[in-house]
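*Asks:* Take a look at this one; I'll ask things after.
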Amino acid sequence: MASPRLETYCCPNRDAATELILTFQPGVFCGVCTGSASVSLLLSILQLLPKQGQSPRKMPKASSSSTILLLISACDIFGGLGIIFRSTIWLSFPDFIANISVINGTDVWPTAFCVGSAMWIQLLYSAGFWWLFCYAVDSYLVVRRSAGLSTIVLYHMMAWGLAVLLCVEGIAMLYYPSVASCENGLEHAIPHYITTYAPLLLVLVANPILFRRTITAVASLLKGRQGIYTENERRLGTEIQIRFFKIMLVFVICWSSNIINEILLFYLEMQPDINGSHLKNVRNAALITWIIMGVLNPMQSFLFTLAFYGWTGWKLDLKWRKREIPWESLSTSTVGENAYPSPIGSSVNFQNSLRDSKKTTIASSHQIDEALSMLSEGSDDSTVEIHISSELHDLDGNDADVE
């Protein structure tokens with residue numbers, strides 16, 4: 001699991017609330033984290049591998065949205081690997097872990113492991129939060145037809161850059177001027193907690209707003225594509241709305257326990273004696289949410305693949321398939337078009353101008369279908385409906401040309 005308490009635990013003068021949760025059944029807690037992260041890791045990889053009988057997703061072009069979804073899964077998978085590595089070391093070498101935050105001037109490896117593993121986990125999950133925010137932004141921009149492959153570079157700069165910047169800044173403020181002096185005052189701890197929870201809170205607040213605006217824009221697109229809002233268009237809009245709802249539901253389930261746990265621990269820190277009998281229920285609630293975090297945080301990887309793609313099945317298809325190269329089909333179609341030159345004449349030129357205007361209309365329709373395909377990727381039914389509607393629209397245009 002990912003919590004700023006893990007970095008605080010590396011301090012020799014850690015606060016009483018952090019001491020309470022991290023010394024409560026550490027073997028059980030690390031076992032829970034290892035089991036949850038391992039199951040999530042295996043199922044996530046199984047979800048992403050190609051399956052037998054599964055038709056490859058055909059997109060008009062590689063979309064930034066599909067790339068972002070894979071990057072979110074990658075951040076969660078590598079973050080889960082960090083949880084497995086840290087928890088395994090804690091279980092396998094208890095004497096090594098016992099030396100964490102003991103500053104004796106000779107053995108610095110336990111503290112280095114504590115800080116390094118905590119930064120690894122925090123950085124990757126923080127990057128996943130930023131990528132999730134980028135996905136909401138990209139979904140809205142795609143519908144508005146102002147996003148493309150070029151924006152993925154900007155997303156990389158924002159997601160990785162802000163994740164590294166906030167992680168390094170928070171750690172530097174916590175451990176300044178050295179690990180031995182961290183947690184001596186609020187000026188050390190508060191910036192660290194802010195930089196940790198800022199991207200999480202951003203996703204909780206901004207993503208629902210962006211998703212809602214995207215759904216509204218999708219409805220307008222569907223109405224404008226053929227001038228009517230049929231049952232197919234309504235079903236497609238519902239599919240996209242359900243997809244966004246699943247993403248936010250998974251995020252809230254996996255991370256709401258972190259927020260609740262942090263509120264409880266801050267409340268305990270403000271008390272003169274956290275071991276008082278009147279605080280027993282608060283301590284128990286903090287310990288329960290701490291264990292829940294160890295289960296739900298690593299499971300985000302698998303749950304997100306379910307939200308993105310649905311259950312893809314067990315039967316793997318590891319055979320190599322030759323994919324059509326885009327420029328091969330382009331060159332073939334170009335040759336076919338230029339094989340028979342048109343005769344020169346005023347009537348032919350007039351017909352060509354009409355055909356060009358119809359092609360422009362069809363191209364605009366294809367842009368709308370492309371945007372909807374990006375948003376509904378992972379839902380085969382919705383993608384099929386888009387392409388069927390597009391093909392029917394093209395056939396109508398071709399019939400008009402023949403007439």
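For all residues, glycine too, the Cβ spot is worked out from N, Cα and C.
No curator has checked TrEMBL annotations; they are predicted automatically.
Pulled from TrEMBL, these are the listed features:
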TRANSMEM  20-46  transmembrane segment
TRANSMEM  67-89  transmembrane segment
TRANSMEM  109-133  transmembrane segment
TRANSMEM  153-176  transmembrane segment
TRANSMEM  196-215  transmembrane segment
TRANSMEM  244-267  transmembrane segment
TRANSMEM  287-311  transmembrane segment
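Any idea what these are sitting next to in the structure?
*Replies:* Within its own chain, the transmembrane segment (20-46) has Cβ neighbours under 8 Å at 1, 5-6, 9, 73, 76-77, 80-81, 83-84, 87-88, 90-91, 97, 261, 265, 268, 274, 283, 286-287, 290-291, 294-303, 305, 312, 314, 316, counting only residues six or more beyond its boundaries.
Long-range contacts of the transmembrane segment (67-89) within the same chain: residues 1-2, 30-31, 33-34, 37-38, 40-41, 44-45, 48, 96-97, 113, 117-118, 120-121, 124-125, 127-128, 131-132, 134-135, 138, 152, 155, 159, 297-298, 300-301, 304-305, 308, 377-378, each at least 6 residues beyond the stretch ends and with a Cβ under 8 Å from a Cβ of the stretch.
Residues 4, 122, 126, 129-130, 132-133, 136-137, 139-140, 143, 162-163, 166, 170, 237, 240-241, 244, 247-248, 251-252, 255, 258-259, 262, 375 of the same chain lie 6+ residues outside the transmembrane segment (196-215) yet bring a C-beta within less than 8 angstroms of a C-beta in it.
Tertiary neighbourhood of the transmembrane segment (287-311): same-chain residues 1-3, 20-21, 24, 28-29, 32-33, 36-37, 39-41, 43-44, 47-48, 69, 72-73, 76-77, 79-80, 83, 125, 128, 243, 246-247, 249-251, 253-255, 257-258, 260-261, 264, 378-379, selected by CB-CB distance under 8 Å and a gap of 6+ residues from either end.
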